[in-house]
Amino acid sequence: MKRSPAILKTRRGGGLGFAAIAYIGVDYLRFISPAWHDRLQPALWTILAIAAIIRVPFYKHWSSELRSAIPFIFAMIFLLSALLFEAISVRSVTAVLGLEWNSDASPLPDVGQWLVLSLNEKLPQTVVNILRARIIGLHHFLMLFIMLAFSVLFESVEAPGLGLGARFMFTMGIGRLLRAITFISTILPSARPWCASARFLVPQHPHPWAQKYYVPYATDSNAIRNVINWDTAYADPGEYDPEFRPDWGSMSFLIDFLRPTAPEGSSAWYHLLKKASGGCNDLIYSGHMLVAVLTAMAWTEAYGGYSSALIWIFVIHSAQREIRERHHYSVDVVVAIYVGIMLWKMTGLFWPMKDQSKATRLRRLEKIQGRLMRAAKDDDIEEIRELLKEVEVSSHVRENSSSKAMWLFSATDETANFQLPQNALPQGAGVLMERVEGISETTSLSHKDRG
């Protein structure tokens with residue numbers, strides 16, 4: 001029989017997919033009918049909250065959630081640290097060259113932008129309006145993931161929900177660090193030249209580093225040739241206004257990166273980070289698209305179904321909007337998509353330790369099923385114990401041979417006791433296990449009688 005694609009397979013029912021579609025649809029009513037949006041959105045959240053609260057007393061995996069709590073906390077701390085580094089880098093790449101350069105620098109030629117404008121001329125106006133519509137944004141993708149994690153209460157996805165959340169945050173943290181390292185390596189002009197002046201209050205002139213190592217060689221081709229041949233910053237940078245240096249105590253080293261100005265006074269350094277608001281220079285790759293792709297990957301892997309296909313359509317819609325509205329160049333969107341996919345796949349190599357352990361045991365149990373059946377028929381309890389011991393040892397060997405570098409972040413279940421759910425056993429093995437238990441009880445009773 002031909003198997004259906006994995007993306008079309010749903011864990012249990014379609015309730016989660018329906019809730020996701022309802023959430024997106026109701027929230028979009030804010031553009032179509034604000035009055036209905038104001039009525040339906042509180043009602044939807046109330047229904048979802050009540051449904052979740054009702055399910056809490058019947059949830060069977062609290063022990064698994066508790067074991068995942070520590071990895072979840074560490075993943076959250078890691079993500080927050082990555083976001084702090086990214087926020088500092090976002091302001092730094094704008095501040096180092098000053099507002100004058102950011103306003104005068106021409107945007108880069110972008111084939112994706114040309115394609116979008118060309119399609120506007122060729123596609124029906126209805127289609128163009130759909131492509132322009134702000135159907136889904138960053139906060140929607142984050143909320144969709146939260147809904148996915150909480151759906152463990154309804155057994156729509158496999159527990160623990162905190163484990164899924166820990167993996168999402170850890171993968172996001174890696175992505176954010178890689179992103180910051182990438183965009184601070186080479187500073188690219190914004191696709192929106194007015195952005196820096198509107199968002200940042202940094203000096204007009206470049207930082208002394210840029211004055212010495214960039215400005216003299218930015219436009220003069222002879223100067224560029226000379227600096228290549230001599231490999232020395234030989235030009236006179238000229239005279240510029242002095243840098244404003246507030247007293248930030250032990251954090252004063254950040255002055256050269258954040259470049260505060262006199263109008264901002266001696267505000268604490270972290271107050272300046274609140275004004276970054278996503279940055280202005282081209283920040284390769286797109287952080288919004290990274291969140292969207294990781295949400296889609298998590299949804300596809302944990303839940304599947306047609307709703308996963310719909311979320312990927314939302315990802316594509318968001319990608320073209322990022323380019324259309326010139327929040328990012330096309331390269332930022334393309335790189336974010338394949339980086340997000342690869343990062344999720346990479347963390348998946350070591351993260352689902354519990355699932356791998358269960359799968360390994362089931363495969364091993366299928367191989368020895370015939371021997372187990374014969375031992376059960378012969379009432380050979382010692383042989384049965386030896387065979388089950390082989391399954392346990394094989395499982396531990398597989399786990400020990402896998403990567404342990406990220407053990408702290410992996411939400412695992414204890415594997416000391418060999419226990420499998422009855423519906424997870426191969427065909428006929430459920431009857432076998434009942435017979436094994438019966439033999440064990442009979443053997444223990446006979447030993448008591450002899451005593």
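Along the chain as shown, the residues are counted starting at 1.
From the backbone N, Cα and C atoms, a Cβ is placed for every residue, glycine too.
For 12-31 (among others), the entry in TrEMBL reads transmembrane segment.
Beyond its flanks by at least six residues, the transmembrane segment (43-62) meets 19, 22-23, 26, 147, 150, 152-154, 159-160 of its own chain at Cβ-Cβ distances under 8 Å. What TrEMBL lists as transmembrane segment is 43-62 (among others).
Here TrEMBL flags 68-85 (among others) as transmembrane segment.
Per TrEMBL, the feature transmembrane segment maps to 135-154 (among others).
If you look up TrEMBL, you'll see 166-188 (among others) marked as transmembrane segment. A Cβ distance under 8 Å defines the sequence-distant neighbours of the transmembrane segment (166-188), meaning residues of its chain 6+ beyond its ends; these are 68, 71-72, 74-76, 78-79, 81-83, 85-86, 89-90, 92-93, 96-97, 108, 145, 149, 281-285, 287, 290-291, 294, 298, 329, 339-340, 343-344, 347, 351, 406, 409, 411.
What TrEMBL lists as domain 'Sphingomyelin synthase-like' is 279-346.
Only residues 6 or more beyond the boundaries of the transmembrane segment (290-315), in the same chain, are considered here, and those with a CB under 8 A from a CB of the stretch are 6-11, 14, 16-17, 20-21, 24, 135-136, 138, 140-142, 144-145, 148, 151, 156-158, 164, 167-168, 171-172, 175-176, 179, 336-337, 339-341, 343-345, 348. Marked as transmembrane segment by TrEMBL: 290-315 (among others).
Annotation source TrEMBL lists transmembrane segment at 335-353 (among others).
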